[in-house]
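A short worksheet on the structure shown next.
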Amino acid sequence: MASISEPVTFREFCPLYYLLNAIPTKIQKGFRSIVVYLTALDTNGDYIAVGSSIGMLYLYCRHLNQMRKYNFEGKTESITVVKLLSCFDDLVAAGTASGRVAVFQLVSSLPGRNKQLRRFDVTGIHKNSITALAWSPNGMKLFSGDDKGKIVYSSLDLDQGLCNSQLVLEEPSSIVQLDYSQKVLLVSTLQRSLLFYTEEKSVRQIGTQPRKSTGKFGACFIPGLCKQSDLTLYASRPGLRLWKADVHGTVQATFILKDAFAGGVKPFELHPRLESPNSGSCSLPERHLGLVSCFFQEGWVLSWNEYSIYLLDTVNQATVAGLEGSGDIVSVSCTENEIFFLKGDRNIIRISSRPEGLTSTVRDGLEMSGCSERVHVQQAEKLPGATVSETRLRGSSMASSVASEPRSRSSSLNSTDSGSGLLPPGLQATPELGKGSQPLSQRFNAISSEDFDQELVVKPIKVKRKKKKKKTEGGSRSTCHSSLESTPCSEFPGDSPQSLNTDLLSMTSSVLGSSVDQLSAESPDQESSFNGEVNGVPQENTDPETFNVLEVSGSMPDSLAEEDDIRTEMPHCHHAHGRELLNGAREDVGGSDVTGLGDEPCPADDGPNSTQLPFQEQDSSPGAHDGEDIQPIGPQSTFCEVPLLNSLTVPSSLSWAPSAEQWLPGTRADEGSPVEPSQEQDILTSMEASGHLSTNLWHAVTDDDTGQKEIPISERVLGSVGGQLTPVSALAASTHKPWLEQPPRDQTLTSSDEEDIYAHGLPSSSSETSVTELGPSCSQQDLSRLGAEDAGLLKPDQFAESWMGYSGPGYGILSLVVSEKYIWCLDYKGGLFCSALPGAGLRWQKFEDAVQQVAVSPSGALLWKIEQKSNRAFACGKVTIKGKRHWYEALPQAVFVALSDDTAWIIRTSGDLYLQTGLSVDRPCARAVKVDCPYPLSQITARNNVVWALTEQRALLYREGVSSFCPEGEQWKCDIVSERQALEPVCITLGDQQTLWALDIHGNLWFRTGIISKKPQGDDDHWWQVSITDYVVFDQCSLFQTIIHATHSVATAAQAPVEKVADKLRMAFWSQQLQCQPSLLGVNNSGVWISSGKNEFHVAKGSLIGTYWNHVVPRGTASATKWAFVLASAAPTKEGSFLWLCQSSKDLCSVSAQSAQSRPSTVQLPPEAEMRAYAACQDALWALDSLGQVFIRTLSKSCPTGMHWTRLDLSQLGAVKLTSLACGNQHIWACDSRGGVYFRVGTQPLNPSLMLPAWIMIEPPVQPAGVSLVSVHSSPNDQMLWVLDSRWNVHVRTGITEEMPVGTAWEHVPGLQACQLALSTRTVWARCPNGDLARRYGVTDKNPAGDYWKKIPGSVSCFTVTASDELWAVGPPGYLLQRLTKTFSHSHGTQKSSQAAMPHPEDLEDEWEVI
């Protein structure tokens, strides 16, 4: 323990947003939304372990800044206690409310350590809630106690994978605390404290005096190196007394602490919060001690109960500090100098003598003024990031308009914990905000759309030195995890202070891909929560002795959090020796396979072309992800959907071009020499597709007085979700070569990485912005190396379905409408807000009050509102955002209005429909004419002489004969397509590009195309479904609860549990007509906008892929034929694919995939054989029967279904029974009943007189006991092998090359559980146990595991994929289905890209929007 000479103050330095944001507040289970409560806590120097009410254990690695998740299989039950142990292997034990105890042996990247997550279960002895756990120091013994007094001893043999448990002691009352040392177990119960000698199995009570009252009084050993006979302990007693006793239970001293408490207890300083932690504090109960632990220095004892925490000094018999009357303290844990406690449902607070992550030496170094030497930080513990007291705020003005932060999401399967704010602890520090404390609303910096459209000339800037700002009291350091700190504006040369176009929102720069917030291997539920908010911004720091802090509590890129430094410097900067870490974050990831650079200290002087930028590479250490749900903090987990500016690849293949070398340890360019773009890919070419340079964050990387370096960090980082997207903030990627510019207009940068959407270059913008000051330019030759064939990789589907999230203006959103330039939101309280589009972020302005419905015309010229209570419709005279507005009464008794650019369609309270025509800016309303309608309507939408309506029964109608000459049209027609698909829309809207959009009651989004006035029903004979459920959770009950809260109409509902109220109201919302129809969908030329009814909405600004599963009936078969199996293979005859179909295990037929409706050919099976599995390639069909026999049918052009079956001689394999087969092009893979994997070259059964090809046995992946491989899946080109195990975990074989066709190692692929896989030549598709389908993105030769999963619409019972990624499936009723897709793009320009081999840069221009 530390010996302390001067007095120390214990306080909370900064809230643990990085930890709390990584744990979802709710999960979705089916239709139910379950609140996640935190229930248990334990900490040490390496990890923070948090138990939850859903049976999920969250483990945060403090060195890697990664959150992992582990769960108990079976029913979800609350975790009541967790206990960490760091010995040779890291272990964590958790106990639940039903008496289950599980031990997880964690994966370590260090050599010789555990490489596979393992779990041991203690079951069958405890039947009641676990209350205490204790480890032996070597991790071989675990003691667990429950609330009925049972104590179980579990012996762990980690090498053998064994865990044996036995009951060793039973007390009459609940166990309160356990501690173990030197073969002695210290037990505290509600009635007494005792010592249990584990060798002699004898018990001795501590002290002879019985307790005067029962209670949760604990005891702990006093740490120290000593033999058993010298052990001493503290035990708390009623009446503020503490015993010190020896190993025989004899009391050596009694500390009576009443006098120490008489003068009061100095409270711990807590970080200021919006709601004080003591809000809801209880009246102070009688003081008493509780559980105890030794802490900080000799003689100091930490004691706590559910109301209070006390830090006591037994030497001086005094209280050091404490927290009293707070109430609801659930769990307390301490490390050497930190106290963590869990309060209430989800508040974890850290109390310490110093900020998180700073060792005292680093702290002292930071405080030295004028220190010009670079601080060498080489260990992970040294500096996860500078904290508050070390951060000086530089910069100038702060604008004070509220901005809502975009948080991007993209479709992916992994909707777990998505937007976790995983920052290194230090990076969470709140910068001190100048003089005086400002209200939160003023701590925002936003840009108006006018600013955003200005030209931005980028130059390196010198920042004037300013004196350190003194720390101010109170709120200046307080921050709330949903707020944004202000961005300092840098002054431009010439002293004209201009705001850099850095909307704070951009800080949360959207990660538009899919978080690989992976579901853990056994995760029973998909947790969907999105908490990432921005906590701050980079501060420009000019003092050489201080560190810059980039503070973002959205999911921060691992790049900033945990990796080694790529160096870069802007031109025109003097070179200097002293250098500091850009973000103050430098983590040494010890021993991990890819991150070797961390092991060598960086030279202090790297030549003029280097500046440090941390950057993260995918950790590909084998087994590093096995069975664990690792959520890297940032891009590696949030794989984007959109190319970063100029090809930012974050996963393992960090490549710019086909010739790029992978940036692995050691492949570093010579220090100081310029690096060709093909060698280093992390270059941000700053540009924006909508016609101006993207916003740049200027990070000052300070030198000593000789100069100042500036690095523009573009925030267009994409990524996102896992279903929930994680915002990656200001991903500071850059290159050795000092340049930052746009590529030539006629080139598009692409990458050899086919699937990784990081790898695609963004076409350059049409901006005329000068780039002359940006330094040396990239030559044409560099770009011309990029092969034209790679341009075809810019397929829209890779960038499709990238959703960004925005915060709404206040309360839940009832209605959302968009025009060309503005978005309008109506909340449940009747507040109407608007914000300009598509600036860097949304700046909400209150427009009106007491509004029930709002409508706007597509151009934005017309704006109508319907008033609350009076139901009168008003038209706005001239739509101005600022200044006075005049409203004209347009029609009384209205409930819903839809506006086209020159008409208004009004549904009235009577259900009648009225029309006003000839409207314009000068004539916003006119005389109303009644239009007959056969059904009462609830919604209507009109645009470009097309009118669609939604009836109260959720049927869709369209109006025929509408034209500019006949605006009222001729007649209503029912939409047959919607009836056929049984679509039940909640709201509909007409969008640009002649589209119609609908949101249904299940939260699915659909569209139709070709909607024009002459053909209002459109071109499609079905709706196309767009995948949104991974980011937008339509929680009807929360939608209705929002209405309740807003209108205060159910005052007594709160007395019942929220879930019950929600259940009662769930149907009420969708079945009864609300006073106003929620309108949750809007489409304009900048994107598709959706609200889920909460105070948030989502926008897809790129293309969207619509899916339709087409029911195919081969000729000669009945439409009701129930197929059981479908398999696609390369056709023996010509280009294209064959489908092999069967209805049972005793039949088989084949048909060409190109003409699947033609008559199938029947294939005769071997007599008496019951087939269990098939695999096929171009020249052979392999079949496996129920006895494990293999039959081969040779296929040829002349006989595409083959002539006869040949039984394969399997005598070489002995008694092995094969259960799964996979055919590549020339290679065969098989799996046996015990999980063994076999490889064979050649698809044909050779003549038995010749040498038979040998089966080579491949060692399967290391698995926990009882888990084995069950199926193998190979790609048609022999390049990939993926396997599934008996727990539905997915693994990939790495290292497969032409020279090494069997590969070299196995890697667990986290993110989802799959019961079937199908491989094309480029990627992998998976079917989940519930029938959902997902695609793996980012699979390449260099990155065989890919990056993230992304779900597609549909639910199937069996599926297959052709070599070219066309999906075929058997649907739930047994129908044969073919997946058809249609891409919706916002501009005609994007559609040209699929026709040209080398698309012009502007073709994809509107795909991207800088947020």
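Including glycine, each Cβ sits where the backbone N, Cα and C put it.
Model, not experiment: these values are computed from the prediction.
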Can you dig out which of the ranges 670-691, 758-779, 1000-1021 Swiss-Prot describes as region 'Disordered'?
758-779
When secondary structure is assigned with DSSP, how many helix, strand and coil residues does the repeat 'WD 4' (162-203) contain?
0 helix, 29 strand, 13 coil
Could you give the number of helix, strand and coil residues in the repeat 'TECPR 6' (1322-1353) as assigned by DSSP?
0 helix, 16 strand, 16 coil
Top partner of the repeat 'TECPR 4' (1226-1259) among 115-161, 162-203, 1279-1310, 1322-1353 - counted as Cβ pairs under 8 Å
1279-1310
The repeat 'TECPR 2' (994-1027) and the repeat 'TECPR 6' (1322-1353) contact flag, 3+ Cβ pairs under 8 angstroms:
yes
Considering the repeat 'WD 1' (23-66), which listed stretch of 162-203, 310-343, 1179-1209, 1279-1310, 1322-1353 counts the most C-beta pairs under 8 Å:
310-343
Cβ contacts under 8 Å made by the repeat 'TECPR 1' (945-976) with residues that lie 6+ beyond its boundaries
900, 902-903, 905, 913, 915, 917, 929, 931, 933-939, 983-988, 990, 996, 998, 1001, 1011-1013, 1016-1017, 1073
Per DSSP, what is the residue tally for the repeat 'TECPR 5' (1279-1310) in helix, strand and coil?
0 helix, 15 strand, 17 coil
Its residues classified by DSSP, the repeat 'TECPR 2' (994-1027) shows 0 helix, 15 strand, 19 coil
Across the repeat 'WD 7' (310-343), what does the pLDDT come to on average, as a whole number?
92
